[in-house]
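Going by TrEMBL, these are the annotated features:
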TRANSMEM  A:12-38  transmembrane segment
TRANSMEM  A:65-82  transmembrane segment
TRANSMEM  A:94-114  transmembrane segment
TRANSMEM  A:120-141  transmembrane segment
TRANSMEM  A:153-173  transmembrane segment
TRANSMEM  A:198-215  transmembrane segment
TRANSMEM  A:243-269  transmembrane segment
TRANSMEM  A:281-299  transmembrane segment
TRANSMEM  A:311-331  transmembrane segment
Amino acid sequence: MDWWLTFSRAMKWFLIFVFLIIFIFIISLSTGMIAISFHDILNTLIGNGTAKQELVLFQLRLPRMIMALLIGAGLALSGAILQGLSRNSLADPGILGINAGAGLTVVLCIYFLHGKYFTSPFFLPMFAFVGALTIAIIIYILSWQKGIEPNRLLLVGIGINALCGALLIIFQMKMDPRDFQKATIWLTGSIWGAQWKYVWALVPWIVILLPISFWQAKAMNIFQLGESVSIALGVHVERQRRFLLCISAALAGACVAVGGGISFVGLLAPHLARRLIGPNYYSLLPLSALIGATLLLVADMIGKNILAPADIPIGVVTSIIGSPYLIYMLLTRKNSGLQN
Amino acid sequence: MVIPKNILKKGFNHPITWCITGSFLVFLSFLLSVGLGAVAIPLHVLIDAIVSFQPDNIKHQLVWEVRLPRAFAALFIGAALAVAGAIMQGVTRNPLADPSIIGVTQGAGLAIALCFAILSSGSYWMLLGWSFVGSAIASILILVFSNISKEKFSPVTIALAGVALSTLFSALSTGIALYFQVAQDVSFWFSGGLSGTKWDHVYILIPIVLIGLTLSLWISRPLTLLSLGEETSISLGQSNHKTRVIGLIAVILLSSVAVSIAGTIGFIGLIIPHIVRLFVGHEYKWILPSSAIAGALLLLTADVLARMINAPFETPVSAITAILGVPILLHLARRKRRSI
C-alpha cells in the first residue's frame, strides 16, 4: 500500500486546502455587486431567501464559482501531467500553446458554424479537445530529436503558441462583429457569463478524467527516474507518454472550451504542490487539483471585487499573479529547474 | 562607403553585392506598396503624382496622403525592428533575442495603454514619449534579469522570461483598458498596423531611426567582438559596458518609435538577422546595414500582403510576420546548441 502511505502523509495539506476552498467559497458567495450576509446565504440555500437573493446566488454566483473550481482543478492537473511526462517543471498548457490550439478550434467553430447547433456548450469541449490534441501532437513531433529534450519542448511550444495567436487574429478579423465580440470576451478568459449549461458541459470531462489521471500516478512516478530506468521497470515509455499527453490535452481542451485562455494555473499549482509535499505523484496530483481550484476561486473573487463594478477577466488576474512567479522561478532555478 | 579592394576576388559573394541587390528589391517593393491596394495605381500616375501634383485628382491625393507615408513607415519601421533584433542578439549573445519575444514591445504597449487611460487624448509626441519609457523599462528589466539569473543568457531562460514579462504587460494593459473603458482605442491601436500612418509620424520616425542606425553602426566593431564571447572581447581591451549601454539605447529608440506608430509587430527582429547572417557572415558592420535593408524589404512586402489577402479588409500585419517568423523560431529551437 505504497500509495496510501504517501497519501496519508499529505493528508494534512489536503484538509487545509479543502477548508480553504470552503472558506473562500463562502466569502466569495457573499461579496460582489450585491452584498449578501452569511445569514441570508444560509437562508437562501435552504430555500427561505427572497427571489432576488435566489437569482443572484443560484443563477449568477454559484455556476460561476463552481466553474472556477472545476477549471482550476482541470488546468492544474493538465499542467502537472505535462510536467511529469516531459520531466520539465516549466511545462504548462498555456506556455506550450495547447490552450491556444484549443482556442483556435473554438474560434474556427464560431467562425464557420456561427450560431448553429454545433456551438452548443456540449460540443465546444470536443472541438477544443481536438484542437488541443492536434497542437500537443505537433509540438511533440517537432521537438522530437532522438528523444524529447525539455528546453527544446519549451521553445517549440512558445513558437507554436505565437503561431496559433497569429491565426486566431486573422480569423477573428474576418468575423462579423457579433461573433467577434463573443470570441474576444471568451478568449480573454472570463467566466462571468457562466451559466449552468456550461458547468454541465464541463462536469463529465472532469469526472471522467480526474480518476484516470490519478490512476496514472504510478507511471508518472517511474517516469521521474529517467527513460532507461522506466524501460527497465517495464513501462512502455512512449505508449504511456502518448496516453498521458492525450489526457492532459483533453483536460486543457475542456477547460479552455468553457473558460477561455486562462494561463499560468497549470504552471503554478503543481509547482506549489511540489514545494509543499514533494515530487511523489500519488499525492502531488490531487493536491495540485486542490491548489488549482483554490487559485482560480481566489482569482475570480479578486477579479470581480477589486475594480468593482468593472469585472476584470479571470485570465488577466491569473496572468498578473502568475507571471511574476514564473520570473521568480526562472531566477532561482538550479540546473535549468529540470529533473534530468 | 569605401569599396574594399577584394570585391573582385570575392565576386558576388561580397556583402556589398547583397546590400546593393537588397536595396534594389526594397525600391521595387516600395513601388509595389504605393501601387497596390484597394485602388491600383499605375506607374505613370504615380510619377505624375510626384512630379506634377494636382490637388483635385483623387489618385494623386491617395498617393500623397495615404500610400506614400505608409510605404515610408513600413520601410523605416522594418529597418528599425530588424536592427533592434540584431543588436539585442549581439549584446545578449542569444539567438532568440528580439524586441517582441523578450517583452520590450509589450512594455511599450502597456505604457501606451496607460497613456490612453490617463490622458484620454494625447498628441503623437506624448504617445511616443510614453512608448519610449515603457520599452526602456522593459529592456532594462530583461537585462537585469538575464544578469542575475543563474543561467546567464541561456536562450530558453530569456525566452521564458520574455513570455512571463509580455504576458504580465499585456494582462495589465487589458486590465487598465477595461477599467478606464478605453479597450476599443487600445485594441485598435495594438492591431492597427501601418494603416493609420500620417506624414507627421513619418517626419518623427525617420530621424529617430537614423539616429538609432548611426548609434548601432558606431558600436558595430565592439559588437562583433562581444558576440565572440565576453572573455575574448575583454582580452582584446574593449569596454563591454559601454557597448551594452549604447546598444541598449539604440534598441530602445528603435523599438519604441516602431511600436508607437505600428503597434506590436513581432518576429522581424528575430528572423532577419538570422537570414542575413547566412549571406554576409558574422561581422556586425555588415550584419547591421543589411539587416536594415532586409527588414525594410520584409515589412514592405508583409504590409502589401496584409492589404491584399482579404481585400478590402486589412489583415493585421503582425499576424503575417508571426506566420513567417515561427518556422524560423522552430528551426532555431531544433538545431544543435551553437553560439551565434
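Every residue, even glycine, has its Cβ placed from backbone N, Cα and C.
Keep in mind that TrEMBL annotations are predicted by a computer and have not been checked by a curator.
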Q: Could you check if the transmembrane segment (A:94-114) is in contact with the transmembrane segment (A:243-269), meaning 3+ Cβ pairs under 8 Å among residue pairs at least 6 apart in sequence?
A: yes
Q: May I ask you to check whether the transmembrane segment (A:12-38) and the transmembrane segment (A:281-299) make contact, with contact taken as at least three Cβ pairs under 8 Å and only pairs 6 or more apart in sequence counted?
A: yes
Q) Do the transmembrane segment (A:243-269) and the transmembrane segment (A:311-331) come close, with at least three CB pairs under 8 A (pairs 6 or more apart in sequence)? A) yes
Q. Any residues 6+ beyond the ends of the transmembrane segment (A:153-173) with a Cβ under 8 Å from its own?
A. 86, 88, 90-91, 94-98, 100-101, 103-104, 107-108, 111, 135, 138-139, 142-143, 180, 183-184, 187
Q) Restricting to the same chain and to residues at least six past its boundaries, which positions have a Cβ under 8 Å from a Cβ of the transmembrane segment (A:198-215)? A) 63, 66-67, 70-71, 73-74, 77, 81, 121-122, 124-125, 247, 250-251, 254-255, 257-258, 285-286, 289
